[in-house]
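TrEMBL lists 1-17 with the feature signal peptide. What TrEMBL records for 12-96 is domain 'Ig-like'. The domain 'Fibronectin type-III' annotation in TrEMBL covers 117-213, 218-322. For 313-337, the entry in TrEMBL reads region 'Disordered'. Summarising the annotation, TrEMBL assigns compositional bias 'Polar residues' to 315-337.
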Amino acid sequence: MIPIVLVILLVPRVLFSTTHVAVISPQDPFLLIGSSLTATCTLSPELGVHASTLYWTLNGARVSSSAYSVVSPSVLSVTLHGLSGSQQRSGDNLVCHGADGRVLAGSCLYVGMPPEKPVNLTCWSRNTKDLSCRWSLGGQGETHVPTKYTLKYKLRWHGKEKECENYSTGNERYSCYIPRNIALFTPYEIWVEATNQLGSATSDITTLDILDVVTTDPPANVQVNRVGELEDQLTVRWAIPPELKDILFQAKYQIRYRLEDSADWKLVDDVGNLTSCRLAGLQPGTVYFVQVRCNPVGIFGSRKAGIWSDWSHPTAASTPSSEQLQSGSCDPKSGEQNSTLRRELKQFFGWVRKHAYGCGGMSMKLYDQWRVWLQKSQKTRKQILQEDNS
C-alpha cells in the first residue's frame, strides 16, 4: 500500500499597500490660537477627479465653499481664519472629501498656546518616608494642545537632577509622587517644567526641608464614650499615628464634632499634645460624630509646624437622655438662672463637705460625681412628685 503524503502549503498573508488618492498639506500642524491656515488637498492623477468637485469639513462640519480656491485641476485649497483652541487633545479633524462624500485625505490641527509658568507648587512628606508635590497651571490654564509637565528635584548643594515619574491630574491641578529615597537633613530644590510644540515655561524654584513639610496618618483607634451618667459630656480618646511611634516629635491635635442631623462641625483647637479630651456642654440624648486629626510638630528637632493630617473616620456616640428635658421645659429667665446657680453651688459645697473625706482639692472627678448625684436626686424627686399627683 502506497502511503499518502498530505502536503499543506502555507500561503503567507499578503499586505496590500494602497496608494494615497490624495494628500493634505501641511500634515498635523501646531498653530497658535487666533492664527490662520491655508491647507491644500492634492489629488492623485489616477483618481481622474477635478479639484472643483471636492469639499472640506472641520470636525465633521462642512466648511463654506467661499473659503475654497482651485489652485489647479488636481489641487484644492481652503483658508481658515481666527482658529479657536482645539476641541480635543487628539487634534481637530480637517478632511478633504470627494463629491460623493468619500474621505480622500485628512490632517489633524493642533491649535493652542504655549504653556505659562506653573504656579502654586507645594510639597509634603507622609511620615518622612516619601514626597508628594502638587501645582496649578499658570496663566489661563488650558493650552488646548498636548503639554508635558515634568517635576524635577535635586539636593540643594550637591547631587544630580532627578525627575519624578508618578504623575496624576485633575481639575487643572497636577501632582507627582516620589515614593522612596528621601533625604531628611538636606534641603531640596524643586521645580516644574512645562513644554509643548508651541513653547516652554518653568516654575519658580521651591526650596524645602523634608522635616518642615511632614504630615501623617490620622490618629488611630479613636474612641468616644459617655462620662458615667453625665448628660452633657463625652470623652474622646485616641492613639498617636502608628507611623510616628519611633520618631522624635511632639504632636498637636484638633477635634471636631457635630450633631447626627447637622452638617456643621464645631472645632476644639486647644487639645495640645494630649491623647484624650472631654467634650462638655453637649445636648442630652443626642448622637454626635467625632473626628480627630494630628499635626506632627518638631520632627527630629525641626522648629516649624508640620502639616495637618486628614481627619480620622467619624466615630459616633450618644449622650445619656434627660427625662427632665424630654418631659418639656422652658428656658428660665435671667433671675431664675442666677437663683438656680446659687442653689446648685450651695448643694455642691455641702455635698463636698459630706463626701470629700478631708480632701482639699476639688478635682474634675469629684465634680463629676456630684453631677451624677445631683441628676439622680432630681430624677428621684420627680418620681415622688408624680406618685403624689397620681
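Each Cβ is built from the backbone N, Cα and C atoms, and glycine gets one as well.
Helix, strand and coil counts under DSSP for the domain 'Ig-like' (12-96) come to 9 helix, 36 strand, 40 coil. In this model, the domain 'Ig-like' (12-96) carries an average pLDDT of 87. According to DSSP, the secondary structure content of the domain 'Fibronectin type-III' (218-322) in residues is 6 helix, 49 strand, 50 coil.
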